[in-house]
Amino acid sequence: RSPEYLSKYSIINLFSDPINSFLSPSPSSSSPSKEKEDCEEKYREQLTMTAFSGDETAPFFGFLGAAAALVFSCMGAAYGTAKSGVGVASMGVMRPELVMKSIVPVVMAGVLGIYGLIIAVIISTGINPKAKSYYLFDGYAHLSSGLACGLAGLSAGMAIGIVGDAGVRANAQQPKLFVGMILILIFAEALALYGLIVGIILSSRAGQSRAE
């Protein structure tokens, strides 16, 4: 055969061999269906690793309860401290020797914020959907716990502030009223303590909606 024919045949083979190898892959290469199955399996593994266990909206109520416990308790503590502090400052102008003795309402009002802090920490540590399933029952339990403690602390702070303001002023004029003022403050503080106890009981109910 002529050299021209051989050269043409070799040029055709040069371009046709890569095209044929691309269009007809070797049997050893993985098929598209196999690659799709592998991708789906990896996607399922990622979903199981990062899946949310429980109800998606349940943590909203739980965190709302933690915030309510701290906010309302601090509101009560702030009102009680400010209200009784005004009375102490007004009384201290005429009787400065009674200032430290009349600081009891301020201290008792400040304790209310600690009650809310305790409940908020208990609630926030109980919200971990990746470790344990968190359902709406648990969110409602934490919300009621926070509201019970927070609103009880708010009411106690208002009572302590009003009684403390009037009590320290009256104590400056009549020292025999001091014991009576302390008793009234103790019973006002007990209101917040009731809310703390009920809040702890309600928060302990979370996680008991169903057996894991």
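Each Cβ is built from the backbone N, Cα and C atoms, and glycine gets one as well.
Where the annotation comes from TrEMBL, it is an automatic prediction and has not been curated.
Annotated transmembrane segment per TrEMBL: 60-82 (among others), in sequence order. Note on the transmembrane segment (60-82): residues 105-106, 108-113, 115-117, 119-120, 123-124, 126-127, 134, 136, 138-140, 142-147, 149-151, 153-161, 164, 192, 199, 206 of its chain, located 6 or more positions outside it, place their CB under 8 angstroms from a CB of the stretch.
What TrEMBL records for 64-123 (among others) is domain 'V-ATPase proteolipid subunit C-like'.
According to TrEMBL, the feature transmembrane segment maps to 103-123 (among others). Residues 62-63, 65-67, 69-74, 76-77, 79-81, 84-85, 87-88, 142, 145-146, 149-150, 153, 156-157, 160-161, 163-165, 167-168, 182, 185, 188-189, 192-193, 195-196, 199-200, 203 of the same chain sit 6 or more residues outside the transmembrane segment (103-123) yet have a Cβ under 8 Å from a Cβ within it.
Outside the transmembrane segment (143-165) by six or more residues, the chain places 61-62, 64-73, 75-84, 86-88, 104-106, 108-109, 112-113, 115-116, 119-120, 122-123, 181, 184-185, 188-192, 194-196, 198-200, 202-203 with a CB less than 8 A from a CB of the stretch. Sequence annotations record features per position, and here TrEMBL assigns transmembrane segment to 143-165 (among others).
What TrEMBL lists as domain 'V-ATPase proteolipid subunit C-like' is 144-202 (among others).
Per TrEMBL, the feature transmembrane segment maps to 177-202 (among others). Residues 69, 73, 76, 101, 104-105, 108, 111-112, 115, 118-119, 122, 141-142, 144-146, 148-153, 155-157, 159-160, 163-164, 167-168, 170-171 of the same chain sit 6 or more residues outside the transmembrane segment (177-202) yet have a Cβ under 8 Å from a Cβ within it.
Counting residue by residue with DSSP, the domain 'V-ATPase proteolipid subunit C-like' (144-202) contains 58 helix, 0 strand, 1 coil. Secondary structure of the domain 'V-ATPase proteolipid subunit C-like' (64-123) per DSSP (helix as H, G, I; strand as E, B; remaining residues coil): 57 helix, 0 strand, 3 coil.
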